[in-house]
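Asker: Below is one structure. I have some questions about it.
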Amino acid sequence: MEVTMEDRSVKADKADRDDNNTTSTELLGKMRQTKVISTNQNNNHLIDRMVSIYEMEMIKSQSTETISDVSDVLEFTVIDNCSHGTHTLEHDLRLKGEPIGKSESVKGVSRSLIIQIGMTVIFCALEFITGVVCSSIAMLADSYHMAADVMALIVAFTCIKIATRPSTRLGYGWVRAETLGGFFNGIFMCTVCVLVFQEAVGRIINVHMITHPLQVLVIGFIGLLINLFGMFNLSGHGHSHGGGSHGHSHGGSHGHSHNNKKTKKNDGHGHSHANGHGHSHDGKSDCNGEEEPDHTRLNGKFRSASAMANSDANVRLLDNDDNSNDIIERRLSGVNSQNTIIATVDRQMTPYGTHMASEVLNVSSNNLDKSAQKTEQKKDKNVNIHGVWLHLLSDAFGSVIVMISAGFVYFLPTWKIAAYLDPILSISLASIMGFTAVVLVKTSGEKLLKQTPEGLDLEKVKKDLCSIVGVSKVEKLSVWTLCGQRIIAAAHVNICHPAVFPEAAYKIKNYFHDLGVHSTTIEPTFEDTCMQSMRIMVKKVVDGKSIEEPVSVSTENEITE
């Protein structure tokens, strides 16, 4: 893509620097102001989006002679004639962008797991010995289950420990190890169910009466107490409750530029999937309900350093010019005075040229009304700890079954059905364990496969995104669960032009925050048709006085494939 409009003031600045390079030290302070006006906005919601471009250049020479500062101002008025500038639909969204509250004590969970592992190992050995000596299939089954619990607890403890470790190879670190641990816990439970069922069927065929039922009854009671203690100890960690606000990691991956031209070495890049996920460009959603041809993919990255920190939004506009002297840095102040953009653009480009890769970092959320923050606490299920809790629950049922079967044998030794009660109750235990195991495997498996959260309508989300000013189409939308209630969203959207992208990205982030989405990745593609409909009014001002008549420049013929 090429934009041929010349920035004559920049060339003049370059010539002045060449003349004075060997004679003086010169400070050039130039300010460019750009006003973006959409002619299609509703009169009741007319907003003049202001973008100020500042350029400061320091040039030092060998001479000690100085001259007075020179201050030039270039005013660009961009008139947007595209059909995506109305605020009526956007107003219906009632965007708030409230930060998501979340807190969880990993240290407390680790301590609880260590205590539970120690007690479970000791009692597992005690149950196994008692089951063999007393010929109790329920006791042996419970000891097998305890052995599976030991493995599950070790997996849970390991996952929680490594989940907080940083990683340079994994996009989200080891945080998904919790979900993986929950999946393996479910597999362990399924294995135990098969073993218990097999032993119980064999005991029905070959009947064996429990010997020393009193000892079995006492051991079962101790096991019940241990399991109840573990369930109570971990029940406070199975969910994390809203309380403190936290930073959001908006480290977004970006797409790719479909350009046949040979780019520089510095600009050539593939996919940088910092978040560990890719994008496909099928399933396009046009805001007008029509399919449009693909445009040049202009790649963006959206991430936030902290939801409550005062940080700036940064945009780097990359070009293909080999001459580094033809690159200038501009500082753009966005619609919100707290939001800023750092840009690097080619001198030959208009302020809103189409060949660029945009990287938007954080937009401050200090302007949010803290009194409007969510007071409703959201329960966040930790799949890994929830899996351990299910193990302990089934163990508690197992201990109850052991006590029932041993109690009947102890108090009714002549009752013939008491011999069959032990294996029958063991089959019931296996059935309960199997049900909980299937649910756990299904839940963790869905999260590992990045399934869309239940109850979220992607088509409605696409329609809402198209209501935001400057968004013309949603090319691709993916929403999935990282772990617990940490939901990730990746949206490939078509934007009218770069002038409205920072504001649109800020509103898209707020929209997803209102949905409870933890992290948002935005990949923009700028519309050629909207770019061509823009008109730019250029006026040069020196010391507050206009020295040139406004010149109307149309971008219609400036963009060539």
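Any Cβ shown, glycine's included, is placed from N, Cα and C.
Features from Swiss-Prot:
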COMPBIAS  1-20  compositional bias 'Basic and acidic residues'
COMPBIAS  247-264  compositional bias 'Basic residues'
REGION    1-26  region 'Disordered'
REGION    240-304  region 'Disordered'
REGION    246-270  region '6 X 2 AA approximate repeats of H-G'
TOPO_DOM  1-112  topological domain 'Cytoplasmic'
TOPO_DOM  158-176  topological domain 'Cytoplasmic'
TOPO_DOM  198-215  topological domain 'Extracellular'
TOPO_DOM  237-391  topological domain 'Cytoplasmic'
TOPO_DOM  413-420  topological domain 'Extracellular'
TOPO_DOM  442-561  topological domain 'Cytoplasmic'
TRANSMEM  113-133  transmembrane segment
TRANSMEM  137-157  transmembrane segment
TRANSMEM  177-197  transmembrane segment
TRANSMEM  216-236  transmembrane segment
TRANSMEM  392-412  transmembrane segment
TRANSMEM  421-441  transmembrane segment
Asker: Considering only Cβ pairs under 8 Å, which range in 113-133, 137-157, 177-197, 216-236, 392-412 makes the most contacts with the transmembrane segment (421-441)?
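Answerer: The stretch I would name here is 177-197.
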Asker: Can you name the far-off residues of the same chain, 6+ from the ends of the transmembrane segment (392-412), with a Cβ under 8 Å from a Cβ of it?
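Answerer: Here the qualifying positions are 116, 136, 138-139, 141-142, 145-146, 149, 189, 209-210, 213-214, 216-217, 219-221, 223-224, 227-228, 230-231, 234, 418-419, 421-422, 425-426, 428-429, 432-433, 436.
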Asker: Among 113-133, 137-157, 216-236, which stretch has the most Cβ pairs under 8 Å to the transmembrane segment (177-197)?
Answerer: 137-157
Asker: Please work out the helix, strand and coil residue numbers for the topological domain 'Extracellular' (198-215) from the DSSP assignment.
Answerer: 11 helix, 0 strand, 7 coil
Asker: Between 0 and 100, where does the mean pLDDT of the topological domain 'Cytoplasmic' (442-561) sit?
Answerer: 78
